[in-house]
Every structure is written in structure tokens, then in C-alpha cells.
Amino acid sequence: MNLHEYQSKKLLAKYNIPIPKGYVCASLLEIQEACSNIDDHSWVIKCQVHAGGRGKAGAVKILKNLKEICVFFEKWHTKRLITDQTDKHGQLVNKFLVEEKTDIDRELYLSATIDRETCRIVFIASMQGGVEIENVAKKIPNVIYKVFIDPLTGPQRYQGRGLGFKLGLVGEQINQFTNIFMKLSNMFVELDLMLIEINPLIINLQGNLICLDSKLSVDSNALFRHPELNKLYDITQQDQREAYATQFELNYISLEGDIGCIVNGAGLAMGTMDIIKYYGGKPANFLDVGGSVTEERVIEAFKIILSDINIKSILVNIFGGIVRCDLIANGIIDAMNILNIELPVIIRLEGNNSELAQKKLINSRLKIIVIKDLSQAVKCAVSSAAEQK
């Protein structure tokens, strides 16, 4: 679960990690009050969405007077912000973060995430802050430094100092960086985070380190331990279909193709999308019904798929293990009858009760195509979608 920048910074402040003075605002009046509380002649105003690339899109500005503030507010309030990290629909701007302007001497990059290979928390740092770290990794990978945290001993101050030296810090800056490193490490574990990204971590003209921008992502599977974090979830930042799917414990991600996919298991779902691409088609979504799927959830999965006006055919690919194929078949039959589906529906079932399920589908006399071979089923879905265009 992603958090807004203002939410992330509130959590950083609780851990005594230095951030700029700022206020979150939802109206023009609140923005004006925030500016009056910041003793300066210019302010940084940032649109709050769950995406990066805001600066390039003009959604982060240094403003100097009321007129500029009004223009910025009218441009973005309740509008959708499109960046290179959003889809074509963008994300809704409901709130703004107003901060004091900070004079910058240097910009650094610092993040923490889970390294899958070592099964440890890894800190990633670079002297190239304020830019997309992916581009830095491609062009000049030698300026990116990593530190792995041993889960038994936890973070050590010498690790923070060593990372600070590599970043070219000196004197008191080393102590400041080490303190930030230790606090972020504790924060990562205590809050069950998946990502902390401070970009940039700046050195101001007085030589002090400040977290100028921050991104936090919480492990959704651990939210039962953090009801206070669960309350921070902003449903307006999620695709409407994705938000609806979450209510029924369906894992759905919208894409831009025309072949709807209903699959069980994340690995099989991704493999199915790969095969669709291999045969010249374009998947419209990732949809994993999960191992505890019910007939009702199958119907809801079809509703979500059909809400996408770009869908030309639907491919159901189920490998029954925990999931019973006959249960899926019952859900498909109900969905076809309730939703009056006219699009081509291609079904491939294998595994637990698959033969019984296939008989049910064939005997239903509905307009569905049952194919046992996966490659043939995908080819049929691709050709059916092409015929609908």
C-alpha cells in the first residue's frame, strides 16, 4: 500500500528524521493559511498523488505570491495528474503539500527495500540525487552503493558511517547521516514497510541533511498489525476496477490490451499474459482469483473484466489444485446467464475436477469455447479479439 508524501513525512517526523516544515492542505484557504505560517517570501507547493514524476508534469512549483498560488490551485485541484509513472488516465489531485523553500547545496539518493536474493533489507544510496535512480543505474552504476542489513544483528552504525563516507559526507554530516540510516532501518522493520525512498536527501547551505521528498510503501499483508496505517489508504489513487476487485479479494491490475484474463495464481496469470503477447495479442488485465475463490467471486471477476470497454474476448485459464475447476465452471455459467455476455469466452481448465467442469460447461449450451490445450486456447482468444475489431 502506497502512502502520500505528506503521510510519509508525518511518519518520518515521528522517528525524528529531519524534514522541511510543511502543511497538508485541501482547499485554497488552507493553502493561504499554510503560507502565512511559513515565514518566507516563497513556498514549495506539491500536488499529492501516488506517483513520481510530478516535477516534470508541473505539479511541483515554487510560488511567490497569492496570484501564483490561485493559478496553481485552480489548475490542479480535483484534476487528474498524468506523469510518466501513471497510466493514461492519471491520478486525482485532492490535496497539496505546502512546504518552506529549502536552499540546496547537494542532492543525494537514499532508499531501503527488500532484496529477494539475500532475503535481507538493502539500503541503496547514490551521490546522484533528485533524478530517477533507474537511469543512474543504467548509465553510471558505479556511483550506486548498497548496504545489506543482517536480520540477526540489525543495522550497525559503522554501516551508516561507511555509506556516508562513500557519499562524500564529512564531519557532522557523517553523524547526521548515520542517525538517519539507523532510524530508517528501525522504521522499516517496525512498520512492515516494503520501500522507503528519500529522493532527494539534500544537504542545505548550512551543511545539514534534510529529507526533501519521501515515498513509503507498506506491506499490505501486514496491515492487520497496523490499523493506524490502514486508515491512511487513499482509494481515490487506485483504478476504480482495482479498488472494486480488492473488496472481493481479487488481485486485479488494469492494462491497455483487449483480451480479458481470469486466472488463478499470480505466476500462471503472468505466464498467461506472456503467451498472449507471444501469439500477437494484448492482455487487458492481470486478474488472479486466488486459492479461496468462490462462485460469487468468479461472477465479480467477469463484472470487472466487462467494465473495460476495450475488451474484445475473455480468456479463463485455471489450473486446479486447491481451486476446484467445477466450482469455477459453476461461477462461469452463472456469470454468462446473469451478465448476458456476448463476447467470445474461451475457457481452459486443467487439474482438480477439470473433466467434470468441462462437461458442465459443454452441457450448459452457452456460447463458450472450451479448449484443453493452453496454446490453442490463447490462439483462439487472440483471433477472436481480432475478429471483434
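Placement of Cβ uses the backbone N, Cα and C atoms for every residue, glycine included.
Substrate binds Gly321, Ile322, Val323 as TrEMBL records it, and from the list Asn230, Asn251, Asn264 the residue named for this site is Asn264. Using CA atoms as reference points, the binding-site residues Lys46, Gly53, Thr102, Asn199 were checked against Asn264 (substrate binding site), and the closest is Gly53. Around Lys46 (ATP binding site), a 10 Å sphere centred on its CB holds 22 further CB atoms from the protein chains shown. Mapped onto three states, the DSSP output places Glu107 (ATP binding site) in strand. Checked against Val323 (substrate binding site), the binding-site residues Lys46, Gly53, Gly55, Glu107 differ in C-alpha distance, with Gly53 being the nearest. Taking every protein chain shown into account, Gly53, Gly55 are the binding-site residues, and of these the Cβ with the most other Cβ atoms within 10 Å belongs to Gly53.
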